[in-house]
Amino acid sequence: CAASRQAACGAGCIPVPWLCDGEQQCPDGTDEQCGCECCSVPSVCGAKKVQCPGTHHCIPHWELCDRHQDCEDGWDEEGCPQQPCLPGQWQCRNRVCIMAEWKCNGIDDCGDSSDEDVCAPCPPGMVRCDEGKCILESLMCNDEDDCLDGTDEPSTCGELRAAAGHCLVMGQPHNCLPAYSCQVCSARVDIRSGDLYWLAFPHLSCPRTHVPCRDGTECVAQEYMCDGEKDCADGSDEDGCAQLCDTPGQPAPCQSHEYQCGLGACLNASLVCNGRQDCADGSDEGGNCSVPCQRSCAHLCYPSPQGPRCWCDPGYRLAKDGLSCVDIDECTEQGEGACSQTCLNAPGSYSCGCLLGYLLEPDGRVCKLTGPEPMLLVAVQSELLSCGLRSGREEVLLATDKDRVVFSLDYDPVERKVFWMDLATESIRWQDFDLGKKGTLVKGVRSDCIAVDWLGRNLYWTDGAAGQVLATRLGTAWRGIPEYTVVMDGDLDQPHSLVLQPLAGQLYWSEVGSHPRLMEATMDGSRRHVLLDQGLGWPTALALDLPTWRIFWLDEKLGSVGSARLDGTSVKVLQLGWVRSPFAAAVCEGQLYWSERKAWSVQQVDKASGKNRTVLLKRHGQPHGLQVPTWGSSQLCTNGCAKSNGGCAQLCLPNP
């Protein structure tokens, strides 16, 4: 057996995490004799912990050789390897050696997360220490060693203080003046070399979906311009919005039944030339107001200071001939801003509708779920929590052993079971909400994401290291032999997040390898095609919003939230500074929810604008998987595998 990863089990081998996991794998039961040498873990400590000699003090195994004395006598730091790792291995921050290919596979193989911390760039405003940790850039040169190796306090820190308030322009020191001469200016020390340098950007570079603020220090989404909220620190995104109608080339914001005053205000056409000055500047009176209306207008004819003009009823637009009126298709022109779900255009108007299970709010635009309060299921360390999305009420639904981490999760609304990935035992487990029963679906798997096909009665998962998507039956009972199939293999470049659309028989996943992309296929793995392969960095969290037929993703590398229609069109990306280490995401009604591992919180924003961020949940421990269960009945739904398992003896994978 492989000494570091496997243990003897009769004539065969089993993975080390299966030792003392509460389920007998070896015929003679030696894998569960936790007090014997085979487990190599003293019974006083339990799995994945070691005992300090001569005491009852237990420490996690990853605290061995972590350069910090955890046992009173320092035993945990004695005899630690000082030599480099063997060829093909990589040394963790705690000096543990792991296989080089395990680095950046999305799993904490080191035990101190150093093999994953070094993968993604540090968030904006942070720099990386030599040992891999990210620290705030403001902690550089603060006379304290925030990096273990002291690289944040180089000898050039004295020069930094002397240079504060200056920048280099064309190679010469230059005092920082207002934004016009030196838009971004500050003296910095390079954390690697210790060299002093200045930042001076005459022009800020923004993505094509964003525009720069006037002070040049940040970019905001185009949708945020003139929306009534100051998103730039200097408020420049709201400057001049009242005068937009006076800008040459800008279309008049007034509707076809309104008259535009000289200062830009809009006035109902019936108030023009009525003998009273209704515009503040009086531009609605005088001129040719006395000329009678004699034009063959399709709707209305009103006098104006510019002479008689044709006007249209609300919901119509004046045609190019200046006489006839054409209907405005609000559903097309306003897009998702018209209705939160379905939109139906009508002559001169439009109406919003809701899908089954939703109710239209009094505003006539927004749809809300009917029935019980929608709940958010969240995995935080070793616990599974539920959080009411209206009441905010929290409840612990499941508490596993504290050495185990509830990782990715999903919910089966048919049998009301929750499934989750248990990294400690390398297994996918389940628990019944109604009966309290629990069990193991499959063992010997390591996955970043699992997804339940509640209609076809299967469970899918990704294996980023192997480059595969796999599946097994939901009703499979663990018999000691893995029963699953590889759905997709071959050209997958580190598949990560995974979401299903059982009603359409579609499967969507993200790849975070050298060429990040979003992919789509049928749920049997056929008809694969690229949904999106541009503008992506590290899309680590996916969520489907079926009422709007869109897919959302959070990008850890770019710090952004993106969405697109399920055909890959209508792509929208918002750069949000608080998106740093997203793991999983979910959409419910008008909100996008995601788990932030480094901030130890679950956050939410408006899914359309990215605004109104709130921290929904914050606990001591990293949040991972989350899901908004569908509590309603699914008896009316069907697909090819829903009835009699599609006639298959074992696994049936839908192919619509």
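Placement of Cβ uses the backbone N, Cα and C atoms for every residue, glycine included.
Not measured: the values here are computed from a predicted model.
Per TrEMBL, these features apply:
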{"type": "DISULFID", "residues": "Cys1-Cys13", "note": "disulfide bond"}
{"type": "DISULFID", "residues": "Cys65-Cys80", "note": "disulfide bond"}
{"type": "DISULFID", "residues": "Cys85-Cys97", "note": "disulfide bond"}
{"type": "DISULFID", "residues": "Cys92-Cys110", "note": "disulfide bond"}
{"type": "DISULFID", "residues": "Cys104-Cys119", "note": "disulfide bond"}
{"type": "DISULFID", "residues": "Cys122-Cys134", "note": "disulfide bond"}
{"type": "DISULFID", "residues": "Cys129-Cys147", "note": "disulfide bond"}
{"type": "DISULFID", "residues": "Cys226-Cys241", "note": "disulfide bond"}
{"type": "DISULFID", "residues": "Cys254-Cys266", "note": "disulfide bond"}
{"type": "DISULFID", "residues": "Cys261-Cys279", "note": "disulfide bond"}
{"type": "DOMAIN", "residues": "352-367", "note": "domain 'EGF-like'"}
{"type": "REPEAT", "residues": "505-548", "note": "repeat 'LDL-receptor class B'"}
Q: Give the distance between the Cα atoms of Cys85 (disulfide bond) and Cys254 (disulfide bond), rounded to the nearest whole Å.
A: 71
Q) If you draw a 10 Å sphere around the Cβ of Cys261 (disulfide bond), how many other Cβ atoms fall inside it, taking every protein chain shown into account? A) 20
Q) Cys110 (disulfide bond): which of the disulfide-bonded residues Cys97, Cys104, Cys134, Cys254, Cys261, Cys279 have a C-alpha within 10 angstroms of it? A) Cys97
Q. Between Cys13 (disulfide bond) and Cys226 (disulfide bond), how far is it from one CA atom to the other, in Å?
A. 65
(Q) Among all protein chains shown, how many Cβ atoms are found within 10 Å of the Cβ of Cys85 (disulfide bond), not counting that one? (A) 16
Q: Round to a whole number and give the Cα-to-Cα distance in Å for the pair Cys129 (disulfide bond) and Cys254 (disulfide bond).
A: 56
Q.
Please report the distance from the Cα of Cys92 (disulfide bond) to the Cα of Cys261 (disulfide bond), rounded to the nearest angstrom.
A. 69
Q) At the Cα level, what's the spacing in Å between Cys119 (disulfide bond) and Cys134 (disulfide bond), rounded? A) 11
**Q.** Cα distance (Å, whole number) from Cys254 (disulfide bond) to Cys97 (disulfide bond)
**A.** 68
Q: List only the single closest residue to Cys134 (disulfide bond), chosen from the disulfide-bonded residues Cys147, Cys226, Cys266 by CA-CA distance.
A: Cys147
Q) Highest CB neighbour count within 10 A among the disulfide-bonded residues Cys13, Cys110, Cys129, Cys254? A) Cys110
Q: Report the member of Cys92, Cys104, Cys147, Cys279 (the disulfide-bonded residues) whose C-beta atom has the most other C-beta atoms within 10 angstroms.
A: Cys92
Q) Taking the disulfide-bonded residues one at a time (Cys97, Cys226), which has its Cβ surrounded by the most other Cβ atoms within 10 Å? A) Cys97
